[in-house]
Amino acid sequence: MLEIILVSTLNGVLYGMLLFLMASGLTVIFSMMGVLNLAHASFYMLGAFFGFEISRRLGFWPALIIAPVLVGLIGMAVERYGLRRVHKHGHVAELLFTFGLTFVITEMVEMFWGKLPVDYRVPPSLDFAAFTVFSVNYPAFRLFVLLISVAIFIALLLTIKRTRIGLIVQAALTHPGMVGMLGHNVDRIFMLVFGVGVGLAAIAGVIAGPILITQSNMAALLGPILFVVVVVGGLGSLGGALVASLLIGLVQTFAVAFNVSLADLFGTSQLSAVLEVWLADIWRVTIAQIAPIMPYILLVLVLIFRPRGLMGTRDT
Amino acid sequence: MNQSATISSAAPASTRAGLLVRYGIWIALALTLLLLPYVFSSRLALSTMSLMGTMIVFALSYNMLLGQTGLLSFGHAVFFGLGGFATVHMLNLVGGNSYPIPLPLFPVVGALGGLFFGVLFGAVATKRAGTAFAMITLGIGELVASSALILRRFFGGEEGITTDRTDMLRVFGYSFGPQIQVYYLIAAWCFLSIVLMYAITRTPFGRICNAVRDNPQRVSFIGYDPSTVRFIAFSLSGLFAGVAGGLSAINFEIVNAAQMGAVESGSVVLMTYIGGVGNFAGPIIGAILVTWLQLILSDATTVWPLYVGLLFIGVVMFAPGGIAGLLSMQQPLLAARTLHRVLPYYFLMFVPGAVAVAGLAMLIETSHQFSIRAAYGPRMTLYSIPFDVTTLTPWAIGAVVFAVGLWLFLRAARLARNAYDAALPQRGNR
């Protein structure tokens with residue numbers, strides 16, 4: 001039992017930190033431009049596939065640098081020539097634009113890499129067991145992913161709280177007009193933030209690719225969970241995004257570890273026989289099976305009872 | 001048929017218009033639906049038109065949200081699918097003639113199913129508008145689609161639930177076995193739904209929906225609760241999506257969980273927006289066009305969703321009114337009898353536009369062959385010209401054709417725009 005708890009906690013925190021790498025960019029882009037970038041997970045997928053292709057040719061370490069930079073540049077081009085154009089048609093048009101982008105990116109990926117998973121492997125230099133707990137070997141690569149995400153989180157926090165650029169970004173979040181008046185090019189700040197945001201998602205893609213499956217449906221699988229994270233955490237709140245990411249990461253990982261259903265809890269009795277007839281499938285469903293829908297239940301509950309999210313400052 | 005429908009329905013009706021003029025458009029629509037099977041009588045055409053009829057109802061129900069009330073939903077297929085499941089379960093229950101209910105009444109079951117879940121989910125979703133509403137519907141869509149795979153007894157797991165539509169009470173000896181009878185069933189329900197949804201847009205409620213879309217704050221100042229209006233619109237939209245789901249269930253005799261998923265929800269967004277959300281006829285055009293595109297493109301290429309996606313992005317960026325919006329832009333010209341002055345420029349735009357699309361398609365197909373279909377060898381045939389994708393020539397030709405076509409298209413577009421502005425009557429200038 002202790003073994004399950006320890007390994008699940010590690011994996012849950014790891015998954016949560018990966019979610020946070022993506023959610024942080026998403027939530028900053030949202031609070032700055034008012035655009036919820038539906039294609040954010042698609043940029044994460046692009047990162048994974050670029051990472052795969054580059055690490056096949058040049059090795060994993062160059063890929064870790066080059067892929068996010070490439071994706072960031074693509075993101076900036078999308079912001080400059082796409083989003084900025086659509087902006088004048090209003091928020092719905094912007095949402096729809098990013099929605100169309102998810103289609104195009106998914107299809108592009110399928111066009112070049114096909115629908116089957118690609119063979120994106122853990123780099124040999126990190127392919128060993130870091131430590132052993134209760135006869136379970138914990139892979140070094142997972143530890144590396146955890147460290148990198150924590151390092152990026154700290155760097156991001158310091159950049160936003162302690163540097164001049166961070167100050168301008170923070171100001172542009174709430175008072176874009178005033179920041180423009182003071183002589184800063186707000187459009188360029190938006191473009192940079194968009195580029196850095198999707199670049200962070202791409203880093204998550206490069207390092208998550210070997211652990212999760214690198215496949216053309218990975219954006220569609222992860223995208224909705226990402227939106228759950230930012231809504232539950234509170235739109236625009238970095239701290240909220242961190243808490244929500246870890247919460248969802250842990251909930252999903254622990255749920256998978258428990259194979260208990262209502263039928264198991266009640267055992268065999270007169271009552272349970274009656275309930276089994278009435279509840280049918282619900283009676284037999286295990287917690288592991290409902291793990292995929294837990295984030296959405298959380299989303300609906302949060303929107304009903306606390307619409308501003310865990311740490312948000314304004315109603316969504 | 002729909003292009004003329006858009007223009008004439010948008011034309012200002014004269015105050016002394018007679019009954020025939022007033023209802024002329026509806027009579028024309030009914031006649032078109034009646035006569036279409038005589039024009040396109042092949043089996044493929046019949047099943048395509050049945051599918052189009054279903055999709056028209058679905059897209060129009062979606063536009064009750066997006067176009068009329070300004071609510072962007074990413075989970076609309078939930079009501080389509082649940083309406084379908086309600087219909088299929090009722091069909092199986094009634095099957096074998098144990099209750100005397102004829103098949104044509106079953107879309108009502110779909111409607112009730114859609115309405116029930118519209119009320120249920122609407123109570124949660126319509127408290128907010130804008131981005132939050134879009135997120136909630138996305139979440140509800142994922143929730144229902146994933147739950148469907150868990151609750152296997154009701155949703156039938158991955159295989160779905162099958163039924164037999166011919167096993168019902170027969171009225172006038174119609175068995176609804178042949179596709180032509182199913183077509184007329186769908187056409188009748190499609191006509192009824194179009195009339196009802198159009199009628200709703202003409203009621204005070206329809207007007208208040210538009211007001212909620214344009215300025216919710218002022219709506220609450222004149223004494224209406226915007227979230228109640230949204231809730232009613234959402235429920236009604238669920239009802240009509242349920243009708244579409246019921247029609248689909250009758251047409252295919254199977255419903256599965258995939259029909260409630262994100263792909264289906266996405267495709268109704270594409271259809272409605274490409275057709276045009278600002279005009280009642282827009283979703284009809286979009287449903288017909290996108291269904292047709294899916295049919296012909298999926299025959300021609302495996303990456304067809306890419307083309308539909310690019311078309312969608314193109315519409316969002318350059319023609320936010322959709323196809324119906326572009327068509328209704330011509331209406332003042334038609335009224336001022338100056339359309340003939342602009343038409344040559346449209347033709348001038350069309351030719352390089354087609355060339356650019358051909359060049360883009362060549363680039364896409366060549367890279368597709370190069371990367372994925374490499375297993376099939378480097379040789380491929382496009383536009384009935386065989387070539388080798390490992391050489392530079394096809395890429396260069398594709399790129400040049402695309403670039404030149406695009407450049408000429410942009411130039412022609414500028415000319416057409418000037419001609420349009422010149423042809424516009426002075427008073428009605430934008």
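Glycine residues also receive a Cβ, built from the backbone N, Cα and C atoms like all the rest.
Note: TrEMBL annotation is automatic and uncurated.
Look at TrEMBL and you will find B:20-40 (among others) tagged as transmembrane segment.
Long-range contacts of the transmembrane segment (B:46-65) within the same chain: residues 33, 36-37, 40, 71-73, 76, 79-80, 179-180, 182-183, 186-187, 189-190, 193-194, 197, 200, 209, 233-234, 236-241, 243-245, 247-248, 251, 268-269, 271-272, 275, 277, 280, 282-284, 286-288, 290-292, 295, each at least 6 residues beyond the stretch ends and with a Cβ under 8 Å from a Cβ of the stretch. The transmembrane segment feature in TrEMBL is assigned to B:46-65 (among others).
Feature annotation from TrEMBL assigns transmembrane segment to B:77-95 (among others).
The transmembrane segment annotation in TrEMBL covers B:101-125 (among others). Long-range Cβ contacts of the transmembrane segment (B:101-125) within its own chain (Cβ-Cβ under 8 Å, at least 6 residues beyond either end) map to 73, 78-80, 82-87, 90-91, 94, 133, 136-137, 140, 165, 168-171, 176, 185, 188-189, 230-231, 234-247, 249-250.
Positions annotated as transmembrane segment by TrEMBL: B:182-200 (among others).
TrEMBL lists B:231-250 (among others) with the feature transmembrane segment.
Outside the transmembrane segment (B:270-292) by six or more residues, the chain places 2-3, 5-6, 9-10, 48, 51-52, 55-56, 58-60, 62-63, 66-67, 194, 197-198, 201, 308-309, 311-312, 315-316, 321-328 with a CB less than 8 A from a CB of the stretch. Summarising the annotation, TrEMBL assigns transmembrane segment to B:270-292 (among others).
Among the features that TrEMBL reports, transmembrane segment is placed at B:304-323 (among others). Using a Cβ-Cβ cut-off under 8 Å and counting only residues 6 or more beyond its ends in the same chain, the transmembrane segment (B:304-323) has close neighbours at 270, 273-279, 282, 285-286, 289-290, 293-294, 297-298, 329, 360-361, 364.
According to TrEMBL, the transmembrane segment annotation covers B:343-364 (among others).
The annotation transmembrane segment is assigned in TrEMBL to B:385-410 (among others).
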Touch test for the transmembrane segment (B:182-200) and the transmembrane segment (B:385-410), at least 3 Cβ pairs under 8 Å: no
Long-range neighbours of the transmembrane segment (B:231-250), counting only residues six or more past its ends (CB under 8 A): 53-55, 57-58, 60-62, 64-65, 68-69, 71, 76-77, 79-88, 91, 103, 106-115, 117-119, 121-123, 125-126, 163, 165, 176, 182, 185-186, 189-190, 193, 196-197, 200, 205, 209, 212, 259
Cβ-Cβ under 8 Å with the transmembrane segment (B:77-95): same-chain residues at least 6 beyond its ends: 58, 61, 101, 106-107, 109-114, 117-118, 121, 140-141, 144-145, 148, 154-155, 161-165, 167-168, 237-238, 241-246, 248-250, 254-255, 257, 259-262, 264-265, 268
